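*Asks:* Per TrEMBL, the features are:
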ACT_SITE  SER150  active site, charge relay system
ACT_SITE  ASP227  active site, charge relay system
ACT_SITE  HIS260  active site, charge relay system
Amino acid sequence: MESGLSEIGSTKMFDGYNKRYRHNSETLGCSMTFSIYFPPSSHRSPVLYWLSGLTCTDENFIIKSGAQRAASSHGIALVVPDTSPRGLNIEGEADSYDFGVVGAGFYLNATQEKWKNWRMYDYVVKELPKLLSENFSQLDTTRASISGHSMGGHGALTIYLKNLDKYKSVSAFAPIANPINCPWGQKAFTNYLGDNKAAWEEYDATCLISKFNNLSATILIDQGENDQFYPDQLLPNKFEEACKKVNAPLLVRLQPGYDHSYYFIATFIEDHISHHAQALAL
């Protein structure tokens, strides 16, 4: 399948450019969009991948987070993929907000036949970086870090832990940190992965940290204390306990009064960009 890469939007911001692209994804079998913020730079820019949460597209972070100010200052490119395949017209794909086509790909490779195109893990880890390296000479994809929010925080943590050779650092806002033990994760994993609980653990950061803990950079997590999903869905305390058992470097910051929204993300995003800039040796 030819990528058919095309630019579909461009806006200037902090002397760099937000650009949006569409291409044909061989991994997912459909047309996909992604956004890039290119900072003003005379050198090749390292990449920070941002993975968004349930119901989001590639546009939410670009429009709402204000991350471009810090990215421009540090010379980091922001790469934001969509959150699920689109347009495949699978029965039941749009029945609920927390599963299927409405931004609920969960950054895994589905094993159940009905959902075989839901391979967001391979898309983020393999196809998208290859597409970037082949088409954007201004990006240095060999220097990359990863971050995300909620479902995207889950994606960032699990992808980082399973690919420590590909990413210099990870951070997350209110991640779904132990999905095998929360309703969102159990619903998604049952449908995408079936009943094999061992397969579920391969996409659970709390389980993975016991296997992949030779980390060169501290994991940064911000969690709002007024987040309505904090007690039952996100479970950062479980991840923190697992990190302590293996002495994995982790900084969890509980932020009083903050909720699950992009107001929360916009407040602390500069800290996260700085965290990654340090790991990327900028």
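Yeah, the Cβs are placed from backbone N, Cα and C, and that goes for glycine too.
I would like each feature placed in context: is it buried or exposed, what are its neighbours, and how far apart are things?
*Replies:* Counted within 10 Å of its Cβ, the other Cβ atoms near ASP227 (active site, charge relay system) come to 21, all protein chains included.
Within its own chain, HIS260 (active site, charge relay system) has SER150, ALA174, GLY224, ASP227, GLN228, PHE229, TYR230 as residues 6 or more apart in sequence whose C-beta sits under 8 angstroms from its own.
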